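Structure first, commentary second.
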Amino acid sequence: MARLSEPSPYVEFDRTQWRALRMSTPLKLTEDELVRLRGLGEKIDLLEVEEVYLPLARLIHLQVAARQALFATTAQFLGEPQQNPDRPVPFIIGVAGSVAVGKSTTARVLQALLARWEHHPRVDLVTTDGFLYSNSELSRRNLMHRKGFPESYDRRGLMRFVTAIKSGADAACAPVYSHLLYDIVAGEKQIIEHPDILILEGLNVLQTGPALMVSDLFDFSVYVDARIEDIENWYISRFLSMRAGAFADPASHFHHYSTLTDEQAVFAARDIWHSINRPNLIENILPTRPRATLVLRKDSDHSINRLRLRKL
């Protein structure tokens, strides 16, 4: 564990230091399960789950228990009835980071691990993609070229959804996004019913503003970090893999990319990266990193070897 030379709200760890914090937390995830959770291009293995994600799951488990005790204390102070142990106040986790950095895999692995703890078996995962405006609405607002930027999301709808969850609503509905169609699926909803833990994953979930933001309702947050040059390479590699995979489906919005040569595909991917994803990362996503409870720092091979925990 390394304390920064200047006063700081963070404590830094290398992987060896961090893995020691696992204590006796058991690994209840199999190789087959991990394969299903792993995103395209991700290299996560069971060793990384043991050394990085199990200590993180243990930390979150401890914080869930502490948060519930705090809610009980507040209820006692207000003279309110103790909360139903079968319906605790949901613990909300935000997972942020760039396109292609691996935040979706991080969110899925966390969901799988946390759901195996006895005291919080209901762990739901929602991505903010569902709160993008539909393509027709983005076109009406002249925002198709800004898709993924903060203004392309229904931020009020997202705020209503998370507030409903946090307030103990019986159910809350999130729109569903199709990466195949590159659009919201009309009439389809993801129904979330009083979870113990909700994981909200997306590019801009840690953003702040003059009014109440969704990040203000988080109990814990993770930022998946890497060098910008590495993320660009991962994005291009993923694009090439999808050209022969998802893009080959005639129903895919990006089917026209499936016939590109390697050289053409790299050129197209790099153009998208530099015109959309890189500016969004630098202008909107990266500035939110200091707000995260925990920063996971990846090396060029996708492995997590540095962590920064916010202690305040």
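Every residue gets a Cβ built from N, Cα and C, even glycine.
Features as listed in Swiss-Prot:
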| type | residues | note |
| --- | --- | --- |
| BINDING | Gly97, Ser98, Val99, Ala100, Val101, Gly102, Lys103, Ser104 | ATP binding site |
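Same-chain residues with CB within 8 A of the center of the Gly97, Ser98, Val99, Ala100, Val101, Gly102, Lys103, Ser104 CB atoms, the ATP site residues themselves not counted, are Val224, Ile231. Look at Ala100 (ATP binding site): DSSP puts it in coil. Contacts of Gly97 (ATP binding site) defined by a Cβ separation under 8 A and a same-chain sequence distance of 6+ are given as Lys103, Thr106, Leu203, Tyr223, Val224, Asp225, Ile285, in order along the sequence. The Cβ neighbour count for Ser98 (ATP binding site), using a 10 Å radius over every protein chain in view, is 24.
Sequence-distant contacts of Ala100 (ATP binding site), defined by Cβ-Cβ distance under 8 angstroms and a gap of at least six in the same chain, are Gly41, Ile231, Trp234, Tyr235, Arg238, Asn277.
For Val101 (ATP binding site), the same-chain residues lying six or more positions away in sequence with a CB closer than 8 A to its CB are Val224, Asp225, Ala226, Ile231, Trp234, Lys298.
Here the Cβ of Gly102 (ATP binding site) has 25 other Cβ atoms within 10 Å, regardless of which shown protein chain they belong to.
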